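Engineer: Below are the features I grabbed from TrEMBL:
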COMPBIAS  A:11-21  compositional bias 'Polar residues'
DOMAIN    A:99-305  domain 'ABC transmembrane type-1'
REGION    A:1-32  region 'Disordered'
TRANSMEM  A:42-65  transmembrane segment
TRANSMEM  A:94-119  transmembrane segment
TRANSMEM  A:131-149  transmembrane segment
TRANSMEM  A:155-174  transmembrane segment
TRANSMEM  A:186-208  transmembrane segment
TRANSMEM  A:228-249  transmembrane segment
TRANSMEM  A:256-275  transmembrane segment
TRANSMEM  A:281-305  transmembrane segment
Amino acid sequence: MESVRHYAHQEVTQESPLNPKQETEPEKGSQRKKKKTYVPGLLLLLPILLFIFGFFVVPMLYILYLSFIYTDSPTATNAVFSLKNYMLFFSDSYYLSSLWITVKVSLYTVLVSLLLGYPVALTMAKSSPRVRGYIALLIAAPLLVSIVVRNFGWYLLLLPNGTINSVLASLGIIDSPLKLLFSEIGVIIGLSNAYLPFMILAIATSLYNIDPSLERASAILGASPLRSFFSVTLPLSLPGIVSGCVLVFSMSMSAYVTPALMGGANVPMMPVVAYDQINNLLRWTFGSALSYVLLATTMIMVTVFTRGFEKSKFREVFR
Amino acid sequence: MQAIKNAVRNDVEIRNVIKKFGSTTVLNGIDLEVRQGELLTLLGPSGCGKTTTLNLIAGFLEADEGDVYIKGKNVTHIPPYKRDLGMVFQTYSLFPHMTIYENLDFGLKLRKVAKADKERRIDSALHLVKMSGLEHRYPRELSGGQRQRVAIARALVVEPELLLLDEPLSNLDAKLRHELRVEIKRLQKEIGVTTIFVTHDQEEALSLSDRVVVMNGGKIEQISSPTTIYNHPETEFVFQFIGKSNCFHGTVTATDSQKISVQLEDGWGTFVDADNVMGADRTCRTGDQVKLYIRPEKLFITPSDQAQPGPFHKATITQMNYLGASWEIDVALIGKPVQILTPMYDASWQIGKEVMIGWNPSDIMLIKK
């Protein structure tokens, strides 16, 4: 199950039309050198193609197959091929609310990391390459610390008697401790913290690509810096915003460690529930159905989101 | 009204401006006036400060010392969006997410122009640059030349106080560059907007401008009409930067109010018009060591057997290049390489052949060493 969870977002990001620049550039290169590198290129790709086929495509298909197998109990031998796992999922309010919580927490995570990340990306884009490098280093630094360690770090801050509650209480702002941990807020804090670097780097990349003379053109035509930002910079950074949002959303949807540690039983997000089904209840086939519902939800939402932008009045930016 | 303004007004005045980037002084005391309605070119090699000067006028940079006035108002510390200017950039800089109409509308919206008036102005601006009918295209769908036309229309549609052009033609191919150059000149005269044009291309500067400002190393070398810049440069730099040049070394042997006699290092002599002395004080005395400059197309070349009046000297052809409209002929004049540009051709001219070359005393420029 761990592997499914991991690959789920990768598949989504591969299939979604993310940053168009990144996709077209290698294409150009291969067109130029097509005749020379075409056959050796395929040979070079063969090992990874075999690896992905053997350890990703086949297991995914097997899990898809399992999700259609229904048994009364883990030990029963009367397995039948049916839609019953899916029907069970959609008829039980516990699982539906789990899906809803997963989507809700992921959307909030996207929102928080977008609002926190955009100003950082903008600062990076306006800085000299040297300062930009330092900021990138600072942003990437938390990625070097294990996610488990980071979550336990949050415990110290967020527990009822943790730093934040103690400070707020001693300032007289709150009477009783806020429920920051083992709540949706806790998971949103943890996930935003973990995925913020991806949002920042995605947006910064698209900001770097904006011709700096566009802001000058806007200023000389009479637009104040604020007006220039909303009329020129923000719309032109939409590709970065969209790819950052897609990245953070699909990673949040499939996150396991942070929801498990920061949310616990109070925030039953889909990956946690699926893990529970498979590992603790040994309901392999139902767990498989859960992961496919999660995967389908993520893919549909991401597709609708990106297509929506590509068909919007800003479609020109995505070409 | 217009005529009165023309007579008195400088649209831009730059007073003793100094600009430094870190420890590098980019502008070292610039004084410049731009007259109303003229097309002024800032010309110079890269790093001479021409773009910095334009950016100071636009407001993208602030002067460390000195003042900038636009239409009599001190704008030294006013940001670009409050200066009411039009500007065209080297990279076109059209907003890629907006149609041509929206690009032109951008500045009008900010000026809160009424809708009917707006449409009329956008129409006439696009008509002016011959881009009517493309309102609903996106910049991506236009060619480089078309984009630059739209960029010019976008700058003009707001009816700016000044039009600033920052190397607008350097990203275009030679033919388009020429076409658009002619167009810009026509437009500028038609509208009468005071225009400052930055370029490193001397041909562009000479053909477009009412006046040319030649800059070098953060200083202004000369401000003159194109013909004066070319024919009577005030400094050695201007002579060498504009057009090609041949250089001789010599000593002044006599001077009077009309002519200066110079003995060249190889023993023969020539006259130079007294007006043609370059340099700070524009004078020289007997005994001064001098350099003489003459442009390749000012040299005459004739077959050696024809007797000629005036200063003519024997030379040997070392190289002949056909340029279509003219011939570029390299000769050795007493061992020194000299280049001649001539539209004429004589079948007897061949590499190794002897010819006579001559010049007019009024075409030689002289400077003290």
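Including glycine, each Cβ sits where the backbone N, Cα and C put it.
Could you place the listed features in the three-dimensional structure?
Structural biologist: Long-range Cβ contacts of the transmembrane segment (A:94-119) within its own chain (Cβ-Cβ under 8 Å, at least 6 residues beyond either end) map to 88, 184, 187-188, 191-192, 195-196, 198-200, 203, 241, 244-245, 248-249, 252-253, 259, 267-271, 273, 290, 293-294, 297, 301.
Using a Cβ-Cβ cut-off under 8 Å and counting only residues 6 or more beyond its ends in the same chain, the transmembrane segment (A:186-208) has close neighbours at 19, 21, 105-106, 108-110, 112-114, 116-118, 120-122, 124-125, 136, 139-140, 142-143, 147, 150-151, 154, 158, 180, 233, 236-241, 243-245, 247-248, 251-252, 255, 258-259, 261-263, 267, 269.
Through the fold, the transmembrane segment (A:228-249) approaches residues 9, 12-13, 16, 18-21, 106-107, 109-110, 113-114, 117-118, 121-122, 195, 198-207, 210, 214-215, 218-219, 298, 301-302, 305-306, 309, 314, 317-318 of its own chain, all at least 6 residues removed from its boundaries and within a Cβ separation under 8 Å.
If you look at the transmembrane segment (A:256-275), the same-chain residues 6 or more away from its ends with a CB under 8 A from one of its CBs are 1-2, 5, 94-95, 97-99, 101-102, 105, 147-148, 151-152, 154, 158, 181-184, 186-187, 189-191, 194, 287, 290-291, 293-294.
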Engineer: Tally Cβ pairs under 8 Å between the transmembrane segment (A:42-65) and each listed stretch (A:131-149, A:155-174, A:281-305), then give the stretch with the top tally.
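Structural biologist: Selected stretch: A:281-305, with the most Cβ pairs under 8 Å.
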